[in-house]
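Annotated in Swiss-Prot:
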- 1-45: topological domain 'Extracellular' (TOPO_DOM)
- N25: N-linked glycosylation site (CARBOHYD)
- 46-66: transmembrane segment (TRANSMEM)
- 67-74: topological domain 'Cytoplasmic' (TOPO_DOM)
- 75-95: transmembrane segment (TRANSMEM)
- 96-119: topological domain 'Extracellular' (TOPO_DOM)
- C117-C209: disulfide bond (DISULFID)
- 120-140: transmembrane segment (TRANSMEM)
- 141-159: topological domain 'Cytoplasmic' (TOPO_DOM)
- 160-180: transmembrane segment (TRANSMEM)
- 181-217: topological domain 'Extracellular' (TOPO_DOM)
- 218-237: transmembrane segment (TRANSMEM)
- 238-257: topological domain 'Cytoplasmic' (TOPO_DOM)
- 258-278: transmembrane segment (TRANSMEM)
- 279-291: topological domain 'Extracellular' (TOPO_DOM)
- 292-312: transmembrane segment (TRANSMEM)
- 313-335: topological domain 'Cytoplasmic' (TOPO_DOM)
Amino acid sequence: MPQILIFTYLNMFYFFPPLQILAENLTMVTEFLLLGFSSLGEIQLALFVVFLFLYLVILSGNVTIISVIHLDKSLHTPMYFFLGILSTSETFYTFVILPKMLINLLSVARTISFNCCALQMFFFLGFAITNCLLLGVMGYDRYAAICHPLHYPTLMSWQVCGKLAAACAIGGFLASLTVVNLVFSLPFCSANKVNHYFCDISAVILLACTNTDVNEFVIFICGVLVLVVPFLFICVSYLCILRTILKIPSAEGRRKAFSTCASHLSVVIVHYGCASFIYLRPTANYVSNKDRLVTVTYTIVTPLLNPMVYSLRNKDVQLAIRKVLGKKGSLKLYN
């Protein structure tokens, strides 16, 4: 068998000399250059200030939610358990992208090694897909709470919640591993300028020096599975929720149910809408400037919405924050 392979290989170069020249001139890429916002010149300094402020708001908001949910026993419910997991995932999700982007806004050298680029894409997609799946699970949690309140303790027991959270994380990172393998198994010859502020799929795969149709098709199928399927599941859940809410006799009960669901639905629409715009289309249709603005939405604006809209405006969370701060204040006075 090895002899046959060697013979075939030698014949290929004998009958097709251009392939030999191509192989000799092939230079594999060892690092990428992240162009980011370099075309904006001096505006980058203003962007640095804005993005740094937003990053600190995201970080402080998520840390506050995680801490309050952990410290206040009244929030030890499935809904807030998943909120805490989502906030944790969002914290790491932004940490993978934003610090490097902030550094690049102030530096001339914007290089990232081949391996670091692959790792950045792996963790970014891992946490992003985990968030998508978590939003789907949270939709199911609201469906179980509103449509089946009597069976809710059984449907969303702590054991079930733990398994669902673990399934989201495992599914997210397995899907990410599949996509990253499809991207970085491609040959990258000479072009190394990534027209983006991080190693995103479309921007990197455009640099491959071979046909990428099969890889792109499989990545598209993965995108459908992690974006369209959970979104449709959420839509069906909310149709059932809406039907149940309309049957609630009291106006206060309907208002409270609508308020809880509306905050979740607003985050879902922004997150899935922006992600679908970027990933559920061929790479050939990638338009860098427009796509970069949309990417900013789901890498910065959506993580900003989660703590502000979904949790900090929630009366239970606000009350819990006051209780936690009140306890700390009383402890200081006592000491």
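Keep in mind that glycine also has a Cβ here, set from the backbone N, Cα and C atoms.
Across the topological domain 'Cytoplasmic' (313-335), the prediction's mean pLDDT works out to 64.
Counting other Cβ atoms within 10 Å of each Cβ, the disulfide-bonded residues C117, C209 show the lowest value at C209. At the 8 Å Cβ cutoff, the transmembrane segment (46-66) and the transmembrane segment (292-312) share at least 3 close pairs (sequence separation 6 or more) and count as touching. In the three-state DSSP scheme, C209 (disulfide bond) falls into the coil class.
The residues of the topological domain 'Extracellular' (96-119), classed with DSSP into helix (H, G, I), strand (E, B) and coil, number 17 helix, 3 strand, 4 coil. Note: the topological domain 'Cytoplasmic' (67-74) comprises 7 helix, 0 strand, 1 coil (DSSP; helix = H, G, I, strand = E, B). Proximity of distant same-chain residues to the topological domain 'Cytoplasmic' (238-257), defined by a Cβ-Cβ separation under 8 Å and at least 6 residues beyond the stretch ends, is recorded for 139, 142-143, 146-147, 265.
Distant neighbours of the topological domain 'Extracellular' (181-217): 26-29, 31-37, 97, 100-101, 104, 112, 114, 117-118, 120-121, 124-125, 278-279, 282-283, 286, 288, 291-292, 295, 299; these residues of the same chain sit at least 6 beyond its ends, with a Cβ under 8 Å from one of its Cβ atoms. Away from its own ends, the transmembrane segment (292-312) comes close to residues 37, 51, 54-55, 57-58, 61-62, 64-65, 83, 86-87, 90, 93-94, 97-98, 128, 196-198, 200, 263-264, 266-267, 270-271, 274-275, 277-278, 318 of its chain (Cβ-Cβ under 8 Å, at least six residues beyond either end). Long-range contacts of the topological domain 'Cytoplasmic' (67-74) within the same chain: residues 80-81, 83-84, 87, 316-317, 320-321, 323-324, each at least 6 residues beyond the stretch ends and with a Cβ under 8 Å from a Cβ of the stretch.
Each residue of the topological domain 'Cytoplasmic' (238-257) gets a DSSP state, and the totals for helix, strand and coil are 15 helix, 0 strand, 5 coil. If one looks beyond the topological domain 'Cytoplasmic' (141-159) by at least 6 residues along the same chain, the residues whose Cβ comes under 8 Å of a Cβ in the stretch are 78-79, 81-82, 237-238, 240-241, 244-245, 257, 260-261, 264. Sequence-distant neighbours of the topological domain 'Extracellular' (96-119) (same chain, 6+ residues past either end, Cβ-Cβ under 8 Å): 29-38, 44-45, 47-48, 51-52, 55, 127, 180, 183-184, 188, 194, 197-199, 204, 299-300.
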